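Annotated compositional bias 'Polar residues' per TrEMBL: 522-531, 584-595, in sequence order. According to TrEMBL, the domain 'Major facilitator superfamily (MFS) profile' annotation covers 24-504. Per TrEMBL, the feature region 'Disordered' maps to 508-534, 568-595. As annotated by TrEMBL, transmembrane segment applies to 20-45, 65-88, 100-119, 125-142, 163-190, 213-232, 294-312, 348-368, 375-394, 400-424, 436-460, 480-499.
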Amino acid sequence: MANNQLGVLNALDAAKTQWYHFTAIVIAGMGFFTDAYDLFGISLITKLLGRIYYTNENHPKPGTLPPNVAAAVNGTAFVGTLAGQLFFGWLGDKLGRKRVYGLTLMLMVVCSIASGLSFGKSPAGVMTTLCFFRFWLGFGIGGDYPLSATIMSEYANKKTRGAFIAAVFAMQGFGILTGGIVALIVSASFDHAYKAPPYSVNPKDSTAPEADYIWRIILMFGAVPALLTYYWRMKMPETARYTALVARNAKQAAADMSKVLQVELEAEEEKVEMAPSSNSFGLFTKEFARRHGLHLLGTSVCWFLLDIAYYSNNLFQKDIFSAIGWLPKAETMNAIHEVYRVAASQSLIALCGTIPGYWFTVALIDYIGRFTIQLMGFFFMTVFMFALAIPYHHWRSNNAGFLIMYSLTFFFANFGPNATTFVVPAEIFPARLRSTCHGISAAAGKLGAIVGALGFLYAAQSTNPAETDQGYPPGIGVKNTLLVLGSINCLGIFFTLLVPESKGKSLEELTGENEEADGNDKQQASSTQTLPGYPPGIGVKNTLLVLGSINCLGIFFTLLVPESKGKSLEELTGENEEADGNDKQQASSTQTLPV
């Protein structure tokens, strides 16, 4: 460690785990509890919304949300989250973490309640107001990502920093589980109070009028945990690293942390004044690109790839459960009981795979490291996705086996990149850019979530037009969707190689903020040796990584190519078939891999 490290920062790095660490975890973590409840809770009620507002009683199946409405309901919160991550990430570096921390939470409280009060004279009106409030709900949720991660990283000690940040993120698991439990309790209560026949028996009476209260109660409950922690969030002092390194107020930083750590700390204002000017480079500079450009690329792309797979799986569990026969056919249930069955299925997955994965990360991240956990997680997610997809039809008669394998994909997502992509960006960037860079990385992740939410809404539909949801064109089917997601996870393995290991190092060691920048340091920091006349490149290592990623893309596009073994040219091209309507329909269907 450099000799010019501030004493207040040394004290934070060396502090033993104590009560204020756990207080910070709970205060920041309850924001993520609410985030997960709100973002993933929508998947519990989309089938119910379709039944209430879009049922045609003359149709043999219950109503579902039209494709454009389903895309909007699932996607607007993610669009808002993406915008909030960028805006509040930048604002957290400009105004301070604490000054904008309460604003994000209050926005979440107000918009959770407003979502449940969505109104309109028509189904389109109700869905429009719901989407409006969910956008702003997402905007508040987005701000919580960079601010909570940055605050926890700057409060934590060096030895257990990874576990503390991961523990904040792990509250997502309890948020997902609580969403399922709330939906179970509410739907069971209403199902008991308002008996209704299955849709196949009586389409009109299968959706009790009181069902409209269910989705509203579920959405509004998300305001409760956020509201409970608002007071304590506003009582937290600004982090010492922001106060000392960004605001350059060493006296205030020492005073704040003296109260937190309950020890006397020297202000050391002269060290702040003597901080090297070389560490003042901005985000859009060559110096940042040289020092942290590949790091930001790695954290952003890994989060993007992870969220495509993670959010598409979370949001469309109900479709996968229906496809393998784990959920009864919709027409055999009434509307309220369907909510109960969907909630029970998702709660079981959260309990068996999601929550254990998060807490395995908390327990082991400071022992085996972020890099190893992320690499291992992407690898096993790839393995289990392919293991589900390639013998896909086998699982239709083996629901228990499918559930175990499917739970393992969630386990290794959370004991893997879903946690580490949140942790690492809060550690490896300078204090004055930490919140911004975390926001950029997280926004890339939410872009992936949008791709997953919207793209796989269509992709997961059956290849058989008769089996698709009402209003949807044929998709590529669950089997091929799982193959695509497995290939995406495989790409994550390669981009993980761009992300440095941060275990056991102080934030200032990782970012170089405690080092003097003389000519030798600058030369040493330059990782790329060039030939005379050539500009700096990305180096042999990173060139090989790029080539490996390109080859990995080839795996994905190979899935679009049909097998031609043992078939005549005319069979393959359809030149020997009559061009009637059925043949045309068959020719337009998506080719699948052999089982």
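The backbone N, Cα and C atoms fix where each Cβ goes, and this holds for glycine too.
Automated prediction, rather than curation, is the source of TrEMBL annotations.
It should be emphasised that the depicted structure is a prediction, and the values quoted were computed from it without experimental measurement.
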*Take the domain 'Major facilitator superfamily (MFS) profile' (24-504) and average the pLDDT across it for me.*
89
_Close approaches to the transmembrane segment (125-142) from elsewhere in its chain (Cβ under 8 angstroms; 6 or more beyond its ends)_ = 34-35, 38-39, 42, 49, 53, 65, 69, 72-73, 76-88, 103-108, 111-112, 114-115, 118-119, 439, 442-443, 446
*Do the transmembrane segment (294-312) and the transmembrane segment (480-499) come close, with at least three CB pairs under 8 A (pairs 6 or more apart in sequence)?*
yes
*Counting only residues 6+ away from its ends, which parts of the chain sit with a Cβ under 8 Å from the transmembrane segment (348-368)?*
159-163, 166-167, 169-170, 172-174, 176-177, 180, 317, 403, 406-416, 418-420, 423, 503-504
*If we call contact 3 or more Cβ pairs under 8 Å (sequence gap 6 or more), are the transmembrane segment (436-460) and the transmembrane segment (100-119) touching?*
no
_Contact between the transmembrane segment (213-232) and the transmembrane segment (163-190) (3 or more Cβ pairs under 8 Å, separation 6+)_ = yes
*asked:* Pairs of Cβ atoms less than 8 Å apart decide it: which stretch in 20-45, 100-119, 163-190, 375-394, 480-499 has the most with the transmembrane segment (65-88)?
replied: 20-45
*Stretch in 20-45, 100-119, 163-190, 375-394 most in contact with the transmembrane segment (480-499), if contact is a CB pair under 8 A*: 375-394
